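Student: Pasting a structure below so you can have a look.
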Amino acid sequence: MEAGLERPAEEEGTTAMWLRKHRLMYTAATRHPFILSIRDGSVDLNSFKRWLGQDYLFVRAFVPFVSSVLLKACWESDDNSDMEVLLSSLAALNDEIAWFKKEASKWGVVLASIAPQRVNKDYCRFLKSSMEPGIEYTVAIAALWAIELVYQQSFAYCLEEGSRTPPELAETCQRWGNEGFGQYCQSLQKIADRQLPRATNEERKKAEAVLLRVLEHEVEFWNMSHG
Ligand SMILES: Cc1ncc(CN)c(N)n1
């Protein structure tokens with residue numbers, strides 16, 4: 001069973017309920033043909049390189065978004081531990097940027113000469129709109145959780161027993177598919193599930209809509225990489 005869906009029905013949080021309700025979109029985002037091609041070893045390495053360059057640009061745009069969620073946590077959360085979760089997110093992004101640079105040079109990808117494709121620009125525009133002060137903490141944390149979950153679920157799938165992921169891509173899959181990253185996603189999910197029941201109906205609707213937008217953007221991002 002996929003992450004986020006494992007709790008018994010009587011304890012089910014809002015986020016798990018949404019993942020069940022939107023299972024088709026969730027599966028489209030986490031079991032995309034690009035990911036399946038990594039898992040079965042048939043991945044086109046040019047597609048991988050395209051993903052690498054575009055995702056580096058995305059991650060740079062993701063840093064200010066995560067920072068904005070951290071600021072919202074400082075102002076709006078009544079649980080001190082949210083700050084640590086979001087700080088760990090920023091620390092991981094620091095490592096991630098260094099990793100992208102190292103990985104790009106390994107694959108001969110010149111990051112400085114890469115221009116963002118339209119799909120990437122659209123996704124970064126969505127991130128920017130999600131940073132605005134008017135966006136509630138609950139909505140922003142739901143977006144962050146969904147963005148991280150898609151990568152965690154996708155890359156963890158490429159590491160499962162029976163997968164034939166090429167050894168040179170194993171490190172990439174480990175980056176987001178490792179257990180620690182899975183626990184971090186669960187911490188985000190817990191924050192969202194704590195916030196959502198006390199939010200207004202309007203906020204809850206916005207958070208659910210944001211989940212769907214993230215899943216759509218993620219599918220588009222994989223499509224762009226797959227070529
Ligand atoms: C497109 C995308 N989505 C999610 C992640 C995980 N931070 C990422 N690096 N890139």
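Easy rule for this one: first residue shown is 1, then count along the chain.
Glycine residues also receive a Cβ, built from the backbone N, Cα and C atoms like all the rest.
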Student: Per TrEMBL, what member of E12, E96, E179 joins D55, E148 in binding substrate at one site?
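Tutor: Candidate listed by TrEMBL for the same site: E96.
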Student: Based on the record's binding annotation for substrate (D55, E96, E148), what whole-number value in Å is the widest Cα to Cα distance?
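Tutor: The span, Cα to Cα at its widest, is 13 Å.
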Student: Taking the centroid of the Cβ atoms of D55, E96, E148 (substrate site), which other same-chain residues have Cβ within 8 Å of it?
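Tutor: Checked against the 8 Å cutoff, the neighbours are F58, V59, F62, L93, Y151, R175, W176.
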Student: I'd like the number of other C-beta atoms within 10 A of the C-beta of E148 (substrate binding site), please.
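Tutor: Excluding its own Cβ, E148 (substrate binding site) sees 23 Cβ atoms within 10 Å.
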